[in-house]
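Annotated in TrEMBL:
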type	residues	note
REPEAT	95-137	repeat 'WD'
REPEAT	182-217	repeat 'WD'
REPEAT	242-283	repeat 'WD'
TRANSMEM	373-398	transmembrane segment
Amino acid sequence: MLGFLTARQAGLDDPLRLRRAESTRRVLSLTLNPDREVDRIHGNGINTIDIEVVEGRYMLSGGADGVIVIYDLENYSGKLHYTCKSVCTVGRSNRYVHKFSVETVQWYPYDTGMFVSSSFDKTMKVWDTETLKPAEVFEFEGNVYSHHLSPIARKHSLIAVGTKDPKIHLCDLKSGSRIQVLQGHRAEILSVRWSPRYEHILATASADSKVKVWDVRRASGCLFSLDQHNGDKSKAASEAVNTAHNGRVNGLCFTGDGLYLLTTGTDDRMRLWNSATGENTLVNYGKVSNGNRKKLQFAVSRGCGPEFVFVPCESSVAVYAVHTGELVSTLRGHYNNVDCCELHPDYQVSRVEPSRSLFVFPSPGPCLLSPSAVASLLCAFVFISSTAALVVVAVRAIRHLQSPWQPRMSLMRRGGGLDR
């Protein structure tokens, strides 16, 4: 590390190389930390979480009880042992609360003033963070398994929605209406994901064992279906032709550059695909236990070399090297199955266990910084199990100083701990 700092100070090295090296070292050095906890708000299992990217400070969680909670991850107390407090809660006393299990929550990518939730009550709600009231409600004919907003879109404001109906619904935030339906799957849509590279490219996964890649600008829509045998029909049974997995496909995640797509299925396999051609790269990750019949949320690292994927695997989180399939480490601490895993470049991770306690995984040693180019920050990476507690993994990492741009509305304007 001192060699990297010296080369950076002398102008001999790219600053991104220093950040990549330190980020990689920290991810590989995760250890359990008992000094970070999270307020216990949910009465039942936690299905989904999301950390906003504007300030890297607030975390959404949605539970099987229909409750949505916003947590503040920052520690301003100056104490070593710290509990992340809930800023506000859409609790059972709120007239707008979801009636059934919340399956997906997501912050609006450009502003903490809005977030979106979807539920088994057949609705998707667009929330105003300031008032905790839905600004828009979309109703569907079946349970909503997944939704996703594009992290890079400038020319559209579409939300892709996967439901029990074998159609992908595209909802427009500007008009408040469903403007397009994508057809091609034959069973419920378990996961949807926009490309982080091209704003009009969408990937969808279904219980029909297929993964399809779409260009929403085209009349025909579907670009191609992923084939685990790369078109070699001699290796596939007749029912397995043009299928991505030999079971339900319930997980999708693009790599940070959008060049590759990772999928998980109930056949206990994870596969890596070229997102431009649809080719199966044939990377062997071994058995990746997956008994989840709903969406499985997993995460890929950003800014590391090589890239890593964090996948819930029974009661632990398995960490694999994306391009080699090597099992790098296993993060343990749960008693029940882990259902959700979220990675944020600034805040690195939380999880759940039956005791409702929260653990933190710090990296050993101090963080070395170049004051002219980088600032220390807390990295968090989050994994969730089917119980009602969170476990937070935290490491130190480095990044360039934040730009002076600020969102139009910040959660800092809110009071804390309100159930509206």
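Keep in mind that glycine also has a Cβ here, set from the backbone N, Cα and C atoms.
Cβ atoms under 8 Å from those of the repeat 'WD' (242-283) belong to residues 190-193, 195-198, 201, 203-211, 213, 223-230, 236, 289-303, 307, 309, 311, 320, 322-325 of the same chain, restricted to positions at least 6 beyond its ends. In terms of DSSP secondary structure, the repeat 'WD' (182-217) contains 0 helix, 19 strand, 17 coil. Looking at the repeat 'WD' (242-283) alone, the prediction's average pLDDT is 96.
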